[in-house]
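Chemist: Here it is, the structure in full.
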Amino acid sequence: MSKFVVKPTNSLSGCLKVPGDKSISHRSIMLGSLANGVTKISGFLEGEDTLSTLKAFQDMGVKIEYNGDNVTIYGVGLNGLKKPLTPLDLGNSGTSIRLISGILAAQKFDSELCGDESLSKRPMGRVINPLTKMGAMIESNNGKLPLKIKGGQALNGIHYDLLVASAQVKSCVLLAGLYAKGETCIKELAPTRDHTERMLKGFGYKIDVNKNKICLIGGTQLNAFAIQVPSDISSAAFFMVAASIAPKADITLTGVNINPTRIGVIDILKLMGANLSLSNEREIGGELLADIRIQSEQLKGIRIPEELVSLAIDELPVIFIAASCAKGETILTDAKELRVKESDRIQVMADGLSILGIKNEVLEDGIKIQGGVFSKPGIVIESHHDHRISMSFAIASLRCQYIIEIEDVDNVKTSFPNFVELANQIGMNINLVNS
């Protein structure tokens, strides 16, 4: 087990390109495998989660070649997957397990999905229920992993109102809908990332999006195309906050995905007074990209608009760090989904902020954070095996007077394998220590 030992620094500068978007990397493997023809991917995120997806489709008979961030997939078509010889172990990846369950629900063969200890605690009823309504047969461990999916079931399209704002559930049902008889429609509670919808269009699949309603009709084939994966805004967010809170900072992040369903973190930081600007905006493969420049600025506490929560759900832990450095109080509500991520991110972040000396009040669906000073020596933070917790508290070191130690950081490799390298490149001082 490894830990971060982070020494305080006060000046950041440079230009970075963070790794490829995790959500898009997952979906490119899945849809490329189900397409007819050869899909070539550049900018693929070589993290543990995305490699779990890649290996799962290799285990189902798909020929996939990869060299760093370049991947070539020889698609087998919608009905070309083969029964895996063993249960598919998706490690820590909730995206993999939930989206792949939608695909496997329609296959002719039986299958089983499992994951690590953390993933095995996360709720799967949210995908089991709509898939069962479509005609799937799925056994679970009281709504948790492992999932045993019975093959040979004929699926029927459904009209389904999402009970949680979840792109994973939405995508699971849409992927099952590719195989279903008739129309499948999803109605969203709130906007969530729309990479599945955009990529289906890229593969030539007709999908209708009308505000919060997404519909498709099963039975059409997917056709391969080239995919260029933009940099992940969830990874870029750590450096956006870093530059905002550092005493002196001026950094630029290049080629970052600014899909409208992902820019909640930008909107929130701007509301807090961040000195943040976008340039060189362009569109590649149906996704919007931009270069983002961030300079240090005194932030102010805000009430985070509830309509931005689902658009920044993965970035909220590092926004907590921004809030702890802001002048005044920041209030977050309507973020109950944070409690069922890799950890209970509301409680775990609150505990860590308390260790740093920051006053906070935990709410059922959020938190109140009073900006302050990180003044305590001998700080040791437990990450609870959650990559975003580890990286968020590493960023907090920029406002600390003393060394911070963050325990159990191996999980950073799931989403941002070169985080330490890039952080140190712009002036941070993070040592990865095997403990």
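Each Cβ is built from the backbone N, Cα and C atoms, and glycine gets one as well.
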Chemist: Let me know which member of R198, R345, R399 Swiss-Prot also records as binding phosphoenolpyruvate at the site of K22, G94, R122, Q168, R388.
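Modeler: Looking through R198, R345, R399, the residue Swiss-Prot assigns to the phosphoenolpyruvate site is R345.
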Chemist: Out of R27, K341, R345, R388, which of the binding-site residues has the smallest number of neighbouring Cβ atoms within 10 Å?
Modeler: K341
Chemist: Sequence gap of 6 or more, Cβ distance under 8 Å: name the residues on the same chain that satisfy this around D314 (active site, proton acceptor), in order along the sequence.
Modeler: S234, R388
Chemist: Name the one residue among G94, R122, R345 whose Cα is closest in three-dimensional space to that of S166 (3-phosphoshikimate binding site); these are the binding-site residues.
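Modeler: Ranked by Cα distance from S166 (3-phosphoshikimate binding site), first place goes to G94.
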Chemist: Sort out for me which one of K22, R122 has the most neighbouring CB atoms within 10 A, since those are the binding-site residues we care about.
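Modeler: The residue with the most neighbouring Cβ atoms within 10 Å is K22.
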Chemist: Provide the number of Cβ atoms within 10 Å of the Cβ of S166 (3-phosphoshikimate binding site), excluding the reference atom itself.
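Modeler: Its Cβ shell of radius 10 Å holds 23 other Cβ atoms.
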